[in-house]
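Asker: Below are the features I grabbed from TrEMBL:
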ACT_SITE  ASP61  active site, for OMPdecase activity
ACT_SITE  LYS63  active site, for OMPdecase activity
ACT_SITE  LYS63  active site, proton donor
ACT_SITE  ASP66  active site, for OMPdecase activity
BINDING   ASP12, LYS34, 61-70, THR121, ARG182, GLN191, 211-212  substrate binding site
DOMAIN    6-227  domain 'Orotidine 5'-phosphate decarboxylase'
Amino acid sequence: MNQEARVIVALDFDDADKAMALVDQLDPAACKLKVGKEMFTLFGPEFVKSLIARGFDIFLDLKFHDIPNTVAKACKAAAEMGVWMVNVHASGGMEMMKAAKNAIAGSSHPQTKLIAVTVLTSMDQAQLNDVVPEVSPAGQVKKLAQLTADSGLDGVVCSAKEAVMLRETHNDEFLLVTPGIRPAGADVGDQKRVMTPVDAIDAGVSYLVMGRPITQAENPLAALQAVNQSLA
Ligand SMILES: O=C(O)c1cc(=O)[nH]c(=O)n1[C@@H]1O[C@H](COP(=O)(O)O)[C@@H](O)[C@H]1O
C-alpha cells in the first residue's frame, strides 16, 4: 500500500492477549491503532509502547478534559510516550486547548498531533439538548471546530455527517477524524451519527476510526482489507 493508512482500528479489549492476537494480523502500512480509556486503564503506557515498537502509529484516545495546567501536563506525558496523536475535549475551552498544544510543542516529541472532540458520535439532538439546550449537533460541531482551529490544534473528532459542512471553512490540513463508521448493513450499536467508509472519505474525512466492525468481525483482517479496498 503506497498511500498513508486512513483507517484507525480502535482496540477496545479488556484482554491484552486478545488485542495482541489481532495486532499480530495487522500491518502498520494498512492501519493505525487507537488505544482508549479501557485498554490504557488496564494495561498502561507499556502496552502503548509495545505497539509503537511494532511500528504502528498510535492514537491515544484519552479525551482529556480538565483545567489547563492538568491537561497540558497529561498531553506532554502522552507525547513523550511517542504517540502519533492525542485528544482533548473542545468543550474544555480555548485556554485549555492552547495550553495542551504548547505543552506538546515543548515536549521531546513535538510532532504528536493534537485534536479535539466536538460532539460525541453517540449523541443525537435529544441527548445533546439535555446538556446544551437549543443547538443542533451540526451547529455545536461547527462552533467547537472553529474554537479548536482558533486554538491552533491539528483537527477535530466529529461525525462524518459534519465533514462536508466543516470542509466549507477548514482546508485539508485541518484533520477530521471520524468514529461512527459503519460499512453498509453493519450493526450500528450505540453510535447515532454514522456513515459508510466510502461516503466519509468522499465527504472530506481525513481518518476513519473503526472499532467493532473490524475487531468483532469473524475475520478482522478481511474486514479491514475490504474497507481499504473500497477506498483505493
Ligand atoms: O474519540 C473517539 O475516538 C471517539 C469519539 C466519538 O465521538 N465517538 C467514538 O465512538 N469515539 C471512539 O471511537 C471508537 C468507535 O468504536 P466502534 O463504535 O466500535 O466503531 C470507540 O473507541 C470510541 O471510544
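Even glycines carry a Cβ here, placed using N, Cα and C.
Because TrEMBL annotations are produced automatically, they should be read as predictions rather than curated entries.
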Asker: In sequence order, which residues at least six apart in the same chain have a CB under 8 Å from the CB of ASP61 (active site, for OMPdecase activity)?
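Answerer: In sequence order, the residues whose Cβ lies under 8 Å from that of ASP61 (active site, for OMPdecase activity) (at least 6 apart) are ALA10, LYS34, VAL35, GLY36, LYS37, VAL86, ASN87.
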Asker: Just to be sure I understand the contacts, which recorded positions have a Cβ under 6 angstroms from any atom of ligand 1? Candidates are ASP12, ASP61, PRO68, THR121.
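Answerer: The ones that qualify, in sequence order, are ASP12, ASP61, THR121.
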Asker: Taking DSSP as the reference, which of helix, strand or coil describes HIS65 (substrate binding site)?
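Answerer: Note: HIS65 (substrate binding site) is coil by DSSP, not helix or strand.
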Asker: Looking at the recorded positions ASP12, ASP66, which sits with the largest number of other Cβ atoms within 10 Å of its Cβ?
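Answerer: Sorting the candidates by Cβ neighbours within 10 Å, the top entry is ASP12.
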Asker: Rounded to a whole number, how many Å is the Cα of ASP66 (active site, for OMPdecase activity) away from the Cα of ASP12 (substrate binding site)?
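Answerer: ASP66 (active site, for OMPdecase activity) to ASP12 (substrate binding site), Cα-Cα distance: 23 Å.
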Asker: Sort out the sequence-distant neighbours of GLY211 (substrate binding site) for me: same chain, 6+ apart, CB within less than 8 Å of its CB, listed by position.
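Answerer: Non-local contacts for GLY211 (substrate binding site): VAL9, ALA10, LEU11, ASP12, LYS34, PRO179.
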Asker: Let's check the environment of LYS63 (active site, for OMPdecase activity): how many other CB atoms sit within 10 Å of its CB?
Answerer: 16
